[in-house]
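S.K.: Annotations for this protein, taken from TrEMBL, read as follows:
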type	residues	note
DOMAIN	46-475	domain 'Major facilitator superfamily (MFS) profile'
TRANSMEM	46-70	transmembrane segment
TRANSMEM	82-100	transmembrane segment
TRANSMEM	112-131	transmembrane segment
TRANSMEM	137-158	transmembrane segment
TRANSMEM	170-191	transmembrane segment
TRANSMEM	211-230	transmembrane segment
TRANSMEM	303-330	transmembrane segment
TRANSMEM	369-387	transmembrane segment
TRANSMEM	396-412	transmembrane segment
TRANSMEM	418-442	transmembrane segment
Amino acid sequence: MAPHTKKKYCVNEIEMSHHTDLKDGKCYSYEEALDLSGHGKYNYGLLFACFMVIVAMGVDIFGLGIIVTAATCDLGLSLKQIGVLSSMPFAGIIVMSYPWGYLSDTKGRRLVLLWAMGGSFASAVLSSLAPNWQVLAALRFISSALSSAAESATYALLGECCNSRSRAKYMLLMTSALMLTPTLYYVWGYFITKLNFTFYIMGISFRPWRLLTLIMSLPLGIGALLLCFFKESPKFLANVGRKEEAVAVLRRMYEVNGGKGEYPVKDIVGEDCKEEVGQLTLRSLWIQIAPLFQPPLLGRTLLLYYLTFVTYIANNSFAIILPTIFNVFFTTYASSSTSVGFCEVFGSNSNSTTLEKEVKCTGKIEDNTIWAGCAHGLSFFVLNALISQCAGKRKALTIVILLIAAIAAIVIDLTGEALFGLVLFYVYLTTAMVFGVISSYFVTLYPTSYRYVLIIELIYLVYLSENSVNMRWHS
């Protein structure tokens with residue numbers, strides 16, 4: 001018998017091996033074991049479940065703008081109160097960023113998502129019965145703080161269950177889910193706010209905006225329910241030393257995907273899990289964070305910090321106040337007798353008066369705001385789905401999209417024509433197309449135990465900046 005030989009080398013945290021048969025079966029690297037599990041029904045089902053979770057998060061966080069617009073009359077909101085309410089999602093994300101990152105990397109992606117989406121659903125449902133704007137703000141803070149766990153846990157869960165050939169494509173398709181959310185809540189808002197009814201529940205007047213709030217909470221519950229049909233990330237399980245469970249999950253994926261015969265993998269070869277992983281201590285948190293700012297990860301960390309900051313601050317800062325932007329633009333542009341630039345529409349004193357009139361609303365949402373919001377969401381969804389077909393050219397896509405958006409931002413107020421400025425503003429918002437590309441880099445460039453904490457650190461800084469922009473808009 002030929003002597004047993006074994007050659008080892010490391011890529012990130014996975015020790016890849018080439019060896020002969022072992023007594024009880026074969027050992028494989030994680031990527032090899034994942035490839036052997038196949039690609040089929042399990043992956044498509046998980047994609048759909050994660051897609052729904054992202055949609056639910058987007059509706060919960062960014063759909064608050066529609067709720068606030070429709071509830072202004074009933075709750076007697078001032079501009080400052082609208083600003084506080086609109087900032088609640090960002091405040092919730094900022095507060096819960098580190099806890100979610102830590103829990104996801106130590107307790108599991110799926111477990112975190114199940115608890116977070118279930119809790120967010122309960123809080124969102126209760127917010128439909130809020131007696132005043134303070135209670136509404138508190139409940140939406142809790143709801144957004146919980147649903148924000150989906151921001152990156154879904155990308156990690158899906159990316160770690162898909163082989164390298166489909167991973168980047170799936171990450172871009174997930175971004176398409178976020179692009180779809182404006183169309184959903186604008187359409188729901190259009191039909192529901194046109195209803196005219198009032199009845200009382202425990203002394204609270206239940207009007208159309210409360211029904212809208214209730215309906216917008218349903219995707220959160222549906223997302224949590226769908227996740228019940230899937231398993232934890234096998235890569236996470238292997239990373240924390242639960243290799244038998246990881247192999248069992250991969251075997252289940254193999255069976256659901258239509259694999260014939262017995263799944264050949266008996267063990268996954270990799271580095272032993274760190275002693276601190278899974279222990280809720282400050283030391284384990286420090287051990288996860290510190291390597292991100294040391295060689296060899298320092299360079300890529302700083303680069304991804306910058307790219308994430310640029311794309312999120314350019315897009316998400318405007319996402320939740322788009323209903324206000326559209327309302328002010330269409331009202332002012334339609335009544336303007338002279339040609340004005342895009343930014344002048346929002347900067348003049350006369351427009352401030354118009355905004356005050358908009359605040360004294362009737363509970364209905366202007367049709368132009370609905371159509372503009374639907375066009376924005378649906379076109380971005382289609383565009384991102386098309387871009388996902390070019391997932392193999394991630395670097396080129398990122399450069400081209402950011403370059404075009406930068407040019408649009410520079411030219412936006414130089415045209416002197418508000419309508420053309422609105423078109424350029426739309427082009428500027430296409431920075432959202434880069435979200436999926438950046439997320440795919442997180443999955444492929446970082447070890448499992450550091451990945452989620454890194455993303456959460458970025459999101460923390462980004463949403464802190466976005467919250468400042470949103471409060472300044474309404475001040």
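The backbone N, Cα and C atoms fix where each Cβ goes, and this holds for glycine too.
Please situate the listed features within the shown structure.
M.R.: Away from its own ends, the transmembrane segment (211-230) comes close to residues 42, 45-46, 48-49, 52-53, 55-57, 59-60, 63, 66-67, 70, 110, 113-114, 117-118, 120-121, 124-125, 127-128, 143, 147, 150, 185, 188-189, 192-193, 195 of its chain (Cβ-Cβ under 8 Å, at least six residues beyond either end).
Under 8 Å from some Cβ of the transmembrane segment (369-387) lie the Cβ atoms of residues 172-173, 175-176, 179-184, 186-187, 189-190, 322-323, 326-327, 330, 397, 426, 429-430, 432-433, 436, all in the same chain and six or more residues away from its ends.
A Cβ distance under 8 Å defines the sequence-distant neighbours of the transmembrane segment (418-442), meaning residues of its chain 6+ beyond its ends; these are 152, 155-156, 159, 167-168, 171-176, 178-179, 300, 304, 307-308, 310-312, 314-315, 318, 329, 333, 336, 339-345, 376, 380, 383-384, 387-388, 391, 394, 397-398, 401-402, 404-405, 408-409, 411-412, 451, 454-455.
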S.K.: Using Cβ atoms and a strict cutoff of less than 8 Å, what residues sit near the transmembrane segment (137-158) while being 6 or more residues removed from its termini?
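M.R.: Sequence-distant neighbours of the transmembrane segment (137-158): 46-47, 50, 53-54, 56-57, 60-61, 64, 84-85, 88-93, 95-97, 100-101, 104, 109-110, 112-113, 116-117, 119-120, 123-124, 126-127, 130, 170-171, 174, 217, 220, 223, 233, 236, 439, 442-443, 451-452, 455-456, 459.
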S.K.: Residues of the same chain, at least six outside the transmembrane segment (396-412), with any C-beta under 8 angstroms of its C-beta?
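M.R.: Long-range Cβ neighbours of the transmembrane segment (396-412): 307, 310-311, 314, 342-343, 387, 390, 421, 424-425, 427-431, 433-434, 437-438.
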S.K.: If you average pLDDT over the domain 'Major facilitator superfamily (MFS) profile' (46-475), what do you get?
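M.R.: Residues in the domain 'Major facilitator superfamily (MFS) profile' (46-475) carry a mean pLDDT of 80 in this prediction.
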